[in-house]
Amino acid sequence: MTATRPEPTTSAAEAVGLREVVEIRRTMPPASVERLPGYLRVLTDLAARGVTSASSQQLAELAGVGPAQLRKDLSHLGSHGRRGVGYDVDTLRERVQSALGLVVELRVAIVGAGNLGHALANYSGFGARGFTVAALLDSNLALVGTEVAGVVVEDVARLADVVRDLDVSIVVIATPGEHAQEVCDVVVAAGVREILNFAPRALQVPDDVELRSVDLGSELQILAFHSRERSGREAAGL
Ligand SMILES: NC(=O)c1ccc[n+]([C@@H]2O[C@H](COP(=O)([O-])OP(=O)(O)OC[C@H]3O[C@@H](n4cnc5c(N)ncnc54)[C@H](O)[C@@H]3O)[C@@H](O)[C@H]2O)c1
């Protein structure tokens, strides 16, 4: 494993302060939290283009939300745009990053180095959003020792060591569904509290573990439902 630990960045933490971050997390409505990654993406793009300030109208348009919604969400961070000037892009970006806990780069391990594991490990966009794929693990010994995107695949039997040694805080499960719960149990036992599951299984985790599941198939089915509904309405002349 060649990955080195990232240097902690303190500027964002200083900008908001740990106690304030805890308070923001406690009081911010979950729906507002869900929109923060979108705001962060917009602010990161603007900063990369050298834009230093932006109005709520501009930010809202880029993020695909209403300006009133955006102002309300950002007010939970204690950020209020200045009339005629708007928001300072760098300061707001630091606040959003800080509220999301991205003051240090978070280290992710992917369990399952198959098609999906490869695709995720090769995705170059994580770095810009505060994540490093630090480890890739698999039970297939033919894959162990091979390299994907500069990361050497480890035996999943070493998961607890890898989590500890590489300071992994988020694990992505990309194994077949029938193995996902056993993998999940090992991940939880290794002390990981944030899990992103791609396997088509409803996983059971303790209350203090945050589990999110991604299911592109369900998303497509929902789009298919809307497509059918629209065709039906059009056919009926409604
Ligand atoms: N959520 C989505 O939108 C979405 C999209 C694509 C795939 N998937 C799911 O992601 C999973 C992976 O898909 P894929 O195409 O990469 O499959 P794949 O068969 O190419 O890869 C699965 C990998 O998991 C490994 N594995 C099996 N059991 C394991 C265990 N106990 N511990 C560690 N590794 C183990 C296998 O050796 C293999 O390398 C599947 O469950 C699939 O249904 C979900």
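Note that the numbers count up from 1, one per residue, in the order the chain is shown.
Using N, Cα and C of the backbone, Cβ positions are placed for all residues, glycine too.
It should be emphasised that the depicted structure is a prediction, and the values quoted were computed from it without experimental measurement.
Positions annotated as DNA-binding region by TrEMBL: 38-77. When pLDDT values are averaged over the DNA-binding region (38-77), the model yields 93.
TrEMBL lists 102-202 with the feature domain 'CoA-binding'.
DSSP assigns Ala113 (NAD(+) binding site) to coil in the three-state reduction, outside any helix or strand. The feature NAD(+) binding site is assigned by TrEMBL to Gly112, Ala113, Gly114, Asn115, Leu116, Gly117.
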| field | Shell list (NAD(+); ref centroid = CB of Gly112, Ala113, Gly114, Asn115, Leu116, Gly117; cutoff 8 A) | value | Ile110, His118, Ala119, Leu120, Asp138, Ala174, Thr175
| request: Specify the count of other C-beta atoms within 10 Å of the C-beta of Leu116 (NAD(+) binding site). | output: 17
